Amino acid sequence: MSTTNCSHTNTLPFLLSGIPGLETLHMWISIPFCFTYIMTLLGNSTVLLAVRLDKSLHEPMYYFICMLAVIDLTFSTAVVPKMLGVFWFHSREIGFEACFIQMFFIHTFTAVESGVLLAMSFDRYIAICNPLRYNTILTSSRTIQIGLLSLARGVGVMTPLMCLLTSLPYCKTRVVPHSYCEHMAVVELACADPSVSDLYSLIVATLLVGADSVFITFSYVMILRAVMRLPSQEARPKALRTCGSHVSIILLFYIGGLLSMYLQMFSFGLAPHVQVLVADFYLTVPPMLNPIIYGVKMKQIQEGIFKLLQQLAGLGISQAN
């Protein structure tokens, strides 16, 4: 294909198919996704407000939780509104640039979340294994720097991948058999060899997520050793509870991500709509569950949210009077 034709083809929009094979059920399928998005917005916004208004929560651990809340809000907003547009209004068309921008946000903030989860494990390691130096090691400014470093790392490793993907000629069908611009589904539409971008994405995923998961595992092994050495029997469950929410979120993130990735790479005999639904739920359910996990397992967050609700209730009563 000539350079001119390739260039013209790469300006054409893609078409999202939604859930392949279940197009007639899109309206019903949209209900749980709409519900999870609303709960994601409410839950994560409430956590952000609670930490912002309650000065007792102005500590590194809660700053990391706020970072996760921002990531979840960005993550969901990059995917769900367009997904609902496909389900509700058959608005399948997505611009060439918009498709790769959406993909960039998904991959970048996945990398950022992995970095923040690593930072949270380090935070718990210092708090339990070296509590006397906690306030000197993890200051507020250093916590913000860690968050910005995680963001810079995500942007830095994903920008070359997007350059590689956008340089490919997409001269096959414009239909993406997915409800968002899923990486592998889009690459399959290229009419050139995508081995360079595939190799780069494989190396990045292995080094980035692999290294983060190894360090997180090491941190919690050290935490477990330190907890088991505590002289007080009552102190052990308390120390473990402070890590329980973090471990739950870590397992949800990594296990869900691996399951979604492997199902996209290897079908295992599953129907296409099952693979698409698993990928869709991975992008929408964890952002909804994360603030619920904080609220259930962290007493301080519960108290902060309760104070926020009391303030809102008091404000409503005063306005009514």
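Glycine is no exception: its Cβ is also placed from the backbone N, Cα and C atoms.
Per TrEMBL, the feature domain 'G-protein coupled receptors family 1 profile' maps to 43-294.
Beyond the transmembrane segment (25-49), the same-chain residues lying 6 or more positions past its ends with a Cβ under 8 Å from any Cβ of the stretch are 18-19, 65-66, 69-70, 72-73, 76, 80-81, 83-84, 86-88, 280, 284-285, 287-288, 290-292, 294-295, 301, 305, 308. The transmembrane segment feature in TrEMBL is assigned to 25-49 (among others).
Taken from TrEMBL, the feature transmembrane segment applies to 61-80 (among others).
Residues or ranges marked as transmembrane segment by TrEMBL: 100-122 (among others).
Here TrEMBL flags 143-168 (among others) as transmembrane segment.
Per TrEMBL, transmembrane segment is recorded for 199-223 (among others). When Cβ-Cβ distances below 8 Å are used as the criterion, the transmembrane segment (199-223) is approached by residues 111, 114-115, 117-118, 121-122, 124-125, 128-129, 153, 157-158, 160-161, 164, 183, 239, 243, 247, 250, 254, 257, 261 of the same chain, each at least six residues removed from its ends.
Residues annotated as transmembrane segment in TrEMBL: 243-263 (among others).
Cβ atoms under 8 Å from those of the transmembrane segment (275-296) belong to residues 19-20, 33, 36-37, 39-40, 43-44, 46-47, 65, 68-69, 72-73, 75-76, 79-80, 83, 106, 177-180, 182, 245, 248-249, 252-253, 256-257, 259-260, 263-264, 267, 302, 305 of the same chain, restricted to positions at least 6 beyond its ends. Marked as transmembrane segment by TrEMBL: 275-296 (among others).
Predicted-model confidence for the domain 'G-protein coupled receptors family 1 profile' (43-294) is 88, expressed as mean pLDDT.
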